[in-house]
Amino acid sequence: ADAEAPVRCGLRAAVLGRGSLLGKGTGAKVSERPARCRLGTIPLSMASPALLMRVVASAYSVAEKAATIVRNVMSAGDLGIVEKAGPNDLQTKADRLVQMSICASLARKFPKVTIIGEEELPTDDVTEDLIEDGHCEEILKKPCPAQYTGIKEEELVIWVDPLDGTKEYTEGLLDHVTVLIGIAYGGKAIAGVINQPYYNYEAGANAVLGRTIWGVLGMGAFGFQLTEAPAGKHIVVTTRSHSSALVNECITALNPDHVIRVGGAGNKVIQLIEGKASAYVFASPGCKKWDTCAPEAILHAVGGKITDIRGNSFQYNKEVKHMNSAGVLATLRNYDYYASRIPNTVKESLVP
C-alpha cells in the first residue's frame, strides 16, 4: 500500500540462538572485502568523521552483506516467492532477509535515523547473523562535503529497496538485480549505495562476483567507470515487465535509435552512468521512492539529472507518498533534449 505514512523498519537486533539464516556459500569467487574498501570498526583514537560519511561507510558494508544473502538464497534453491499485488509484484525470501539485515544493522548504529523499506515486515527480533556492524574505511577517509558536515541523525531518511528487480531475480536474469540504500536530507537524495550481487556473473569462474557503487552529492561517485553514451545516438532504457500504451507512446515520440528493456530502477541508472543508454524513460506510475533515492544521488553526483516525466524533482522526506506517480525521466547528459520531446498528452496523463 502507498499510504502517506511510511512503512518504517522497526526492527531491533537480538541474539536468539537460532541457526544461520545466511545459508551455504555459492562456491563462486566472491570479493566481500575488496582491497579498495577495507572493512572494520572505528578505532576510538580516530577523530569521528561526519555523520553522513559514517552512514555511507556503514551502508557500503551492509550492502555487501545483503549481496551475500541474495546469492545464498538463490544457491539454496528455495526463493520463497510471494505475490504481493500480482505476478509482476513479487517478494522473495531474499527481499525479506535483506531488508531485515539492512534496517536492523543501520538502526543499531544510527537509532535516530528514519529508515523506510519496501517490504511490510513484522517488527520482530532479528537474529545476530543478519547484523553487519562493519564499515568501509576508505569512505571514512574522504572529507564530507561542507554543506553536510552538521547533519544530525534525526534529519536523515534512509530509503531501502532490499532487492530491486525481484521479478528478474526469480527468472534468473541476475544481472538486473540490485540492492539500493538511498540517504536523504531536507527531502533531497544526497548519498546512495547500489550493490550488484551478480555483477560479472557471466564472465567466467575466475571473475570476481559482485560490486558496490556509491556516491555523495558534492563529492562524486565511485566503484565504476563513468562513461557517456555514444555521441549522436539516442538509446532509451525502459521497463521490461511494466510496459503500457502510454509507456510506448512516450518512447516512440523520442524517436530513439535503440530501446533497451531491462528490470530494476537501479540497473537502469547504471546503464546511464556506464554509457549503455542515453535516457531512462518510464511514463507510468509504479516506481517508488526506494527505487529512485539511491540511484538519484549517484546520478546527480556525476552531473546527471532525474525527475518525473513532467520535470518535477522527487522529494524524499519521511512524510511523502511512496509512489512516483508521474513516472521517471533520467539522463547523464542532454536532459533538456529528452524532456522537450515528451508529448503533452503523456504529461497530462500522469498526475504527480
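Cβ coordinates come from backbone N, Cα and C, glycine included.
Database features (TrEMBL):
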BINDING   E118, D161, L163, D164, D291  Mg(2+) binding site
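What TrEMBL annotates, mapped onto the structure for a quick look.
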residue	record	Cβ contacts under 8 Å, 6 or more apart
D161	Mg(2+) binding site	G117, E118, T178, V179, L180, A265, G266, K288, W290, D291, A294
L163	Mg(2+) binding site	V70, T92, A94, D95, V98, Y169, V177, V179
D164	Mg(2+) binding site	V177, T178, V179, L180, G264, A265, G266, N267, D291
**Study point:** Shell list (Mg(2+); ref centroid = CB of E118, D161, L163, D164, D291; cutoff 8 A)
**Key:** V160, P162, G165, T166, T178, V179, L180, G264, A265, G266, K288, W290
Review point. For D291 (Mg(2+) binding site), what is the secondary structure by DSSP, using just helix, strand and coil?
Key: helix
Point to revise | Of E118, D291 (the binding-site residues), the residue whose Cβ has the fewest other Cβ atoms within 10 Å | key: E118
